[in-house]
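Q: Straight from Swiss-Prot, here's the annotation block:
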- H23: active site, proton acceptor (ACT_SITE)
- Y18, F69, N71, N117: tRNA binding site (BINDING)
- N13: site 'Discriminates between blocked and unblocked aminoacyl-tRNA' (SITE)
- D96: site 'Stabilizes the basic form of H active site to accept a proton' (SITE)
Amino acid sequence: MSNTIKMVVGLGNPGKEYEQTRHNAGFWFLDELAWKWKASFKEEKKFFGEVARATLPDGDVWLLKPTTFMNRSGQAVAALAQFYKIKPEEILVVHDELDIPCGRIKFKLGGGNGGHNGLKDIQAKLGTADYYRLRLGIGHPGDRNLVVGYVLNKPSTEHRRQIDDAVAKSLQAIPDILAGKCEEATRFLHSK
(Lines of atoms letter the chains of each structure in order from A and count residues from 1; the text may use other names and numbers.)
(Lines give C-alpha, C1' and ligand atoms only; values in the text may rest on other atoms or scores of the structure.)
Protein backbone atom coordinates (compact mmCIF):
# COMPACT_ATOMS: atom_id res chain seq x y z
CA MET A 1 0.00 0.00 0.00
CA SER A 2 1.36 3.44 -0.82
CA ASN A 3 1.08 6.58 1.26
CA THR A 4 -2.01 8.74 0.76
CA ILE A 5 0.10 11.84 1.45
CA LYS A 6 3.16 12.30 -0.77
CA MET A 7 4.16 15.83 0.30
CA VAL A 8 4.12 17.59 3.66
CA VAL A 9 4.53 21.37 3.55
CA GLY A 10 5.31 23.46 6.60
CA LEU A 11 4.51 27.14 6.26
CA GLY A 12 6.67 29.90 7.67
CA ASN A 13 8.97 32.75 6.74
CA PRO A 14 12.66 32.31 5.97
CA GLY A 15 15.39 34.05 7.95
CA LYS A 16 16.72 34.12 11.50
CA GLU A 17 14.48 37.04 12.49
CA TYR A 18 11.34 34.93 11.84
CA GLU A 19 12.54 31.55 13.17
CA GLN A 20 10.85 31.82 16.57
CA THR A 21 7.69 33.68 15.48
CA ARG A 22 4.18 32.21 15.68
CA HIS A 23 3.85 32.34 11.89
CA ASN A 24 6.61 29.71 11.68
CA ALA A 25 4.73 26.97 13.55
CA GLY A 26 4.56 25.00 10.29
CA PHE A 27 8.36 25.08 10.03
CA TRP A 28 8.64 23.93 13.66
CA PHE A 29 6.43 20.94 12.86
CA LEU A 30 8.40 20.04 9.72
CA ASP A 31 11.74 20.24 11.53
CA GLU A 32 10.45 17.75 14.12
CA LEU A 33 9.02 15.45 11.42
CA ALA A 34 12.30 15.50 9.47
CA TRP A 35 14.23 14.67 12.65
CA LYS A 36 11.84 11.79 13.42
CA TRP A 37 12.20 10.43 9.89
CA LYS A 38 15.98 11.10 9.73
CA ALA A 39 15.53 13.27 6.64
CA SER A 40 17.81 16.25 5.93
CA PHE A 41 16.73 19.50 4.31
CA LYS A 42 18.71 21.11 1.55
CA GLU A 43 18.06 24.30 -0.38
CA GLU A 44 16.49 23.58 -3.79
CA LYS A 45 16.28 26.73 -5.91
CA LYS A 46 14.04 25.12 -8.56
CA PHE A 47 11.50 24.33 -5.82
CA PHE A 48 11.82 27.71 -4.07
CA GLY A 49 12.49 26.12 -0.71
CA GLU A 50 14.25 23.66 1.52
CA VAL A 51 13.39 20.09 0.55
CA ALA A 52 13.90 16.73 2.25
CA ARG A 53 13.01 13.28 1.02
CA ALA A 54 11.86 10.76 3.60
CA THR A 55 12.11 7.15 2.50
CA LEU A 56 9.38 5.28 4.36
CA PRO A 57 8.20 1.64 4.11
CA ASP A 58 5.17 2.62 2.00
CA GLY A 59 7.03 5.05 -0.27
CA ASP A 60 8.77 8.39 -0.32
CA VAL A 61 7.29 11.51 1.22
CA TRP A 62 8.64 14.93 0.27
CA LEU A 63 9.01 17.59 2.96
CA LEU A 64 8.98 21.24 1.89
CA LYS A 65 9.70 24.50 3.70
CA PRO A 66 9.08 27.31 1.18
CA THR A 67 11.70 30.07 1.30
CA THR A 68 9.51 32.48 -0.67
CA PHE A 69 7.95 34.19 2.37
CA MET A 70 4.46 33.24 3.44
CA ASN A 71 2.40 35.09 0.82
CA ARG A 72 4.18 33.27 -2.05
CA SER A 73 4.18 29.75 -0.60
CA GLY A 74 2.13 28.44 -3.51
CA GLN A 75 5.03 28.99 -5.89
CA ALA A 76 7.10 26.40 -3.99
CA VAL A 77 4.23 23.96 -3.43
CA ALA A 78 3.18 24.00 -7.10
CA ALA A 79 6.78 23.61 -8.34
CA LEU A 80 7.45 20.48 -6.26
CA ALA A 81 3.97 19.02 -6.88
CA GLN A 82 4.23 19.47 -10.65
CA PHE A 83 7.77 18.06 -10.84
CA TYR A 84 6.91 14.90 -8.89
CA LYS A 85 3.33 14.64 -10.22
CA ILE A 86 1.79 14.98 -6.77
CA LYS A 87 -1.95 15.69 -6.77
CA PRO A 88 -3.42 18.36 -4.45
CA GLU A 89 -5.24 15.69 -2.40
CA GLU A 90 -1.82 14.05 -1.73
CA ILE A 91 -0.52 17.22 -0.05
CA LEU A 92 -0.64 18.06 3.66
CA VAL A 93 -0.03 21.72 4.55
CA VAL A 94 0.86 22.44 8.18
CA HIS A 95 0.35 26.02 9.32
CA ASP A 96 -0.36 28.37 12.20
CA GLU A 97 -4.02 29.19 12.81
CA LEU A 98 -5.25 32.35 14.55
CA ASP A 99 -8.84 31.16 14.87
CA ILE A 100 -7.98 28.15 17.02
CA PRO A 101 -6.98 28.51 20.69
CA CYS A 102 -3.27 28.19 21.35
CA GLY A 103 -2.20 24.56 21.55
CA ARG A 104 -5.32 23.11 19.89
CA ILE A 105 -5.19 21.32 16.53
CA LYS A 106 -7.59 20.92 13.61
CA PHE A 107 -7.23 18.63 10.61
CA LYS A 108 -9.30 18.78 7.45
CA LEU A 109 -9.42 18.39 3.68
CA GLY A 110 -10.20 21.53 1.72
CA GLY A 111 -12.07 24.56 2.95
CA GLY A 112 -11.47 28.28 3.00
CA ASN A 113 -8.21 30.04 3.66
CA GLY A 114 -9.39 31.97 6.73
CA GLY A 115 -7.44 35.01 5.57
CA HIS A 116 -4.14 33.06 5.74
CA ASN A 117 -1.94 34.46 2.96
CA GLY A 118 0.06 31.26 2.58
CA LEU A 119 -3.10 29.23 2.01
CA LYS A 120 -4.48 31.85 -0.40
CA ASP A 121 -1.39 31.56 -2.57
CA ILE A 122 -1.30 27.75 -2.45
CA GLN A 123 -4.95 27.60 -3.52
CA ALA A 124 -4.29 30.06 -6.35
CA LYS A 125 -1.23 28.17 -7.64
CA LEU A 126 -2.78 24.69 -7.33
CA GLY A 127 -6.12 25.88 -8.72
CA THR A 128 -8.01 24.14 -5.91
CA ALA A 129 -8.48 24.16 -2.14
CA ASP A 130 -8.66 20.34 -2.06
CA TYR A 131 -5.51 19.60 -0.10
CA TYR A 132 -5.17 18.53 3.52
CA ARG A 133 -4.47 21.06 6.27
CA LEU A 134 -3.08 20.52 9.73
CA ARG A 135 -3.89 23.72 11.60
CA LEU A 136 -1.83 24.47 14.70
CA GLY A 137 -3.66 26.90 16.98
CA ILE A 138 -1.68 29.98 18.00
CA GLY A 139 -4.62 31.92 19.45
CA HIS A 140 -5.77 35.41 18.47
CA PRO A 141 -4.63 38.74 19.92
CA GLY A 142 -8.28 39.82 20.27
CA ASP A 143 -8.12 42.75 17.86
CA ARG A 144 -7.69 42.26 14.12
CA ASN A 145 -5.49 45.37 13.96
CA LEU A 146 -2.94 43.52 16.12
CA VAL A 147 -2.80 40.35 13.99
CA VAL A 148 0.29 41.15 11.88
CA GLY A 149 2.38 42.06 14.90
CA TYR A 150 1.06 39.04 16.78
CA VAL A 151 1.94 36.41 14.16
CA LEU A 152 5.35 37.99 13.48
CA ASN A 153 6.36 37.96 17.16
CA LYS A 154 7.58 35.21 19.46
CA PRO A 155 4.94 33.52 21.60
CA SER A 156 5.17 33.68 25.39
CA THR A 157 6.96 30.78 27.07
CA GLU A 158 3.59 29.25 28.00
CA HIS A 159 2.19 29.61 24.47
CA ARG A 160 5.37 28.15 22.95
CA ARG A 161 5.03 25.14 25.25
CA GLN A 162 1.40 24.70 24.16
CA ILE A 163 2.35 24.93 20.47
CA ASP A 164 5.23 22.47 20.99
CA ASP A 165 2.78 20.08 22.69
CA ALA A 166 0.43 20.44 19.70
CA VAL A 167 3.33 19.66 17.34
CA ALA A 168 4.19 16.55 19.39
CA LYS A 169 0.56 15.37 19.37
CA SER A 170 0.28 16.05 15.62
CA LEU A 171 3.35 13.91 14.94
CA GLN A 172 1.56 10.97 16.59
CA ALA A 173 -1.25 11.26 14.01
CA ILE A 174 1.03 11.29 10.96
CA PRO A 175 1.01 7.47 10.43
CA ASP A 176 -2.82 7.50 10.26
CA ILE A 177 -2.81 10.54 7.95
CA LEU A 178 -0.26 8.92 5.62
CA ALA A 179 -2.30 5.71 5.55
CA GLY A 180 -5.49 7.59 4.64
CA LYS A 181 -7.11 6.92 8.03
CA CYS A 182 -8.34 10.49 8.22
CA GLU A 183 -11.31 9.85 10.52
CA GLU A 184 -9.04 8.25 13.11
CA ALA A 185 -6.52 11.08 12.79
CA THR A 186 -9.26 13.70 13.10
CA ARG A 187 -10.74 12.07 16.21
CA PHE A 188 -7.32 11.91 17.86
CA LEU A 189 -6.23 15.43 16.89
CA HIS A 190 -9.50 17.11 17.82
CA SER A 191 -9.63 15.49 21.27
CA LYS A 192 -8.25 17.42 24.25
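The backbone N, Cα and C atoms fix where each Cβ goes, glycine too.
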Q: Restricting the comparison to the recorded positions N13, H23, D96, which residue's C-alpha is spatially nearest the C-alpha of F69 (tRNA binding site)?
A: N13
Q: Long-range neighbours only, meaning 6 or more apart in sequence with Cβ under 8 Å: which ones does Y18 (tRNA binding site) have?
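A: Within the chain, Y18 (tRNA binding site) has Cβ neighbours under 8 Å at G12, N24, L152.
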Q: To test your reading of the tRNA site: which residues beyond Y18, F69, N71, N117, same chain only, put their Cβ within 8 Å of the Cβ centroid of those residues?
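A: Close Cβ neighbours, site residues excluded: N13, H23, T68, M70, R72, S73, G118.
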Q: Look up N13 (site 'Discriminates between blocked and unblocked aminoacyl-tRNA') in the DSSP assignment and reduce it to helix, strand or coil.
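A: Looking at the DSSP assignment, N13 (site 'Discriminates between blocked and unblocked aminoacyl-tRNA') belongs to neither helix nor strand, so coil.
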Q: In sequence order, which same-chain residues at least six apart have a C-beta under 8 angstroms from N13 (site 'Discriminates between blocked and unblocked aminoacyl-tRNA')?
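A: Set apart from N13 (site 'Discriminates between blocked and unblocked aminoacyl-tRNA') by at least 6 residues yet with Cβ under 8 Å, we have T21, H23, N24, F69, M70, L152.
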Q: What is the one among the recorded positions H23, N71, D96, N117 whose Cβ has the most other Cβ atoms less than or equal to 10 Å away?
A: D96
Q: If I take the alpha carbons of N117 (tRNA binding site) and D96 (site 'Stabilizes the basic form of H active site to accept a proton'), what is the distance between them in whole Å?
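A: Distance (Cα to Cα, whole Å): 11 Å.
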Q: Could you give the Cα-Cα distance between N71 (tRNA binding site) and D96 (site 'Stabilizes the basic form of H active site to accept a proton'), in whole Å?
A: 14
